[in-house]
Amino acid sequence: MKEDSCLQIGGKSFSSRLMVGTGKYTSSEVMLESLANTESEIVTVAVRRIQNNQNGENLLEKIDWKKFWMLPNTAGCTNSDEAIRIAILGRELAKLSGQEENNFVKLEVIPDKKYLLPDPIETLKAAEILINKDFIVLPYINADPILAKKLEEIGCSTVMPLGSPIGSGQGLLNLSNISIIIENSNIPVIIDAGIGVPSEASQAMELGADGVLINSAIALAKNPLKMAKAMNYGVKAGREAFLAGRIEKQKLANASSPEINISIK
């Protein structure tokens, strides 16, 4: 059995392996209760949402940033230049919220408006520049093992391959590539986007992912508070299963009660 440890990102330790987003909730009250139910420690915030004042200031004031670590994201950026500018704004927001040492950024560069698929070239370009500016970069990418390795090599602190398109709830569509990324990676692998139900979160963790990031599946559930708890349980169960080690698959049946040294009189 493997030994468990805390999730380590950029020199910080986190007990929870479930990261959560703050968008799409029906109210800030539902969001806050859902965040509490997930027991998450890392919360993503869309910097552009705050910049455009779409309830952004209210969001910053509502969340207790002594309890949660802010992960500013560059959602809405379509090229590397935009992403770099928004990342710098995000770092300032974290400082204004009391997290002076927070250099984290979830890097998203998405020019594709229909499927919201990330641009690998612009992501790699932005990541390299942000790392040189002392950011802890968590890049959102397609499930591309080669890109994931290149991002690791230039100094990214995690890679965040998508399970399926953002908000689609389609689950993990490319298990093979995700497994390769996990196998080859020396940094945490966080599955981001597409998870719809706790069993899919558990599946990601069973594969050996270091964590998952979930937003839509909780916020858009019929009962977000219950789904938040369920996702928490799913991530924990999947992690325990990974550490325990699954039974080997076999072509033939193997009786659980073998008839060995049993005498019948």
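Keep in mind that glycine also has a Cβ here, set from the backbone N, Cα and C atoms.
As recorded in Swiss-Prot:
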type	residues	note
ACT_SITE	Lys106	active site, schiff-base intermediate with DXP
BINDING	Gly167, Ala193, Gly194, Asn215, Ser216	1-deoxy-D-xylulose 5-phosphate binding site
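Positions of Swiss-Prot features highlighted on the structure.
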{"residue": "Lys106", "record": "active site, schiff-base intermediate with DXP", "Cβ contacts under 8 Å, 6 or more apart": "Thr44, Leu71, Pro72, Asn73, Thr74, Leu138, Pro139, Tyr140, Met160"}
{"residue": "Gly167", "record": "1-deoxy-D-xylulose 5-phosphate binding site", "Cβ contacts under 8 Å, 6 or more apart": "Leu116, Ala193, Asn215, Ser216, Leu220"}
{"residue": "Gly194", "record": "1-deoxy-D-xylulose 5-phosphate binding site", "Cβ contacts under 8 Å, 6 or more apart": "Leu162, Gly163, Ser164, Pro165, Ile166, Ser168, Gly169, Gln170, Gly171, Leu172, Leu173, Glu200"}
Chain-mates of Gly167, Ala193, Gly194, Asn215, Ser216 with C-beta within 8 Å of site centroid, 1-deoxy-D-xylulose 5-phosphate:
Pro165, Ile166, Ser168, Gly169, Ile195, Ile214, Ala217
When the number of other CB atoms within 10 A of each residue's CB is tallied over all shown chains, which of the binding-site residues Asn215, Ser216 has the maximum?
Asn215
Return the count of C-beta atoms lying within 10 angstroms of the C-beta of Ala193 (1-deoxy-D-xylulose 5-phosphate binding site), excluding that atom itself.
27
Going by DSSP, give the three-state secondary structure for Ala193 (1-deoxy-D-xylulose 5-phosphate binding site).
coil
Going by DSSP, is Gly167 (1-deoxy-D-xylulose 5-phosphate binding site) sitting in a helix, a strand, or coil?
coil
Could you measure the widest C-alpha to C-alpha distance across Gly167, Ala193, Gly194, Asn215, Ser216, the residues recorded as binding 1-deoxy-D-xylulose 5-phosphate, and give it to a whole number of angstrom?
9
Please state whether DSSP places Lys106 (active site, schiff-base intermediate with DXP) in a helix, a strand or coil.
strand
